[in-house]
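A.B. asks: Marked as transmembrane segment by TrEMBL: 42-67, 101-120, 132-154. Residues or ranges marked as domain 'Fatty acid hydroxylase' in TrEMBL: 142-265.
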Amino acid sequence: MSLTVELFDLPAHQFRVFWGASGSMWQSLWDRFLDITGDNPLALWTIGSYVYTSLIYWSIGLVYTLFDVTGRPGFLRRYKVQPGTNEPVDPARLRAVIRQVLFNQFCTGMPLLFLMYYLLPVQTRDAVRELPTFVTVVWQLAVCILIEEVMFYYSHRLLHDGRIYRYIHKRHHEWTAPIAITAMYAHPIENVLSNLLPIAVGVWTTGCHISVAWLWFTIAISNTLHVHSGYHLPFLPSPEQHDFHHLKFNQCYGVLGVLDWFHGTNEMFLRSKQSKRDYILTSLEPVRDTHPDQ
């Protein structure tokens, strides 16, 4: 074997060794988790998914809510997307949001989890013990992300149709300056059509392992909480596009922005000051300091 081939093969070999060890570690942790919870597929896919997604939603959402209710720590106000809004958040409106979100999670989320379970291939839903490979996780997540972009964009635009907007989607747009937990503050029909199905269809399409489904739920839920938060914080997803959507209503319907670019539904946004702030902040300097209004 030539020296050149050996030099190129060495990093690949080391990566295979590293991934093999890492994979064994994750498999061991997963086995321990299942030893505690049990490996009943129905319980894991339904009750387990409900508890897990609720914990993700409320653990992140309540941190942001504490910021909004207390106004502390004070330096976070420098990261507000719309300064002066929800400082502090109105208690009555906040209670209405909490009630609606809890209703949506239980009355629409739980039935959809059961439906998701029974629509999955039997071999997929029952095989909960063995974790998938790294490559499998990557391509399945990529498919889920693309499906969500397509389904969310078009269902979201449909809900903005003037003939139905007032009956369904108007509730979500009561917040022109959203807070994190308004991510699921929506009419139950909207919650199914535009919030839950775009995420669930990716799981059905890929037939992914439950661990991949939970990872996908984590990514999707945390992202929607961040972009609804009203804060453009360092190292977190930029909320500028979706916040602009709440402000202007007819711009930035998508998640990634690809279909907004394709259909030209971000032209006003691209001409705005907010578009210059639309990036992941990698320093502690607030984007409004870097790109002020004036």
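Cβ atoms here come from the backbone N, Cα and C positions, even for glycine.
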A.B. asks: Residue counts in helix (H, G, I), strand (E, B) and coil for the domain 'Fatty acid hydroxylase' (142-265), per DSSP?
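C.D. replies: Counting residues per DSSP class in the domain 'Fatty acid hydroxylase' (142-265), I get 85 helix, 1 strand, 38 coil.
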A.B. asks: Report, as numbers and ranges, which residues of the same chain sit near the transmembrane segment (132-154): CB under 8 Å and 6 or more residues beyond its ends.
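C.D. replies: Sequence-remote neighbours of the transmembrane segment (132-154) are 19, 23, 194, 197-199, 201-203, 205-206, 208-209, 211-212, 215-216, 219-220, 253-256, 258-260.
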A.B. asks: Summarise the model confidence on the domain 'Fatty acid hydroxylase' (142-265) as a single mean pLDDT, whole number.
C.D. replies: 96
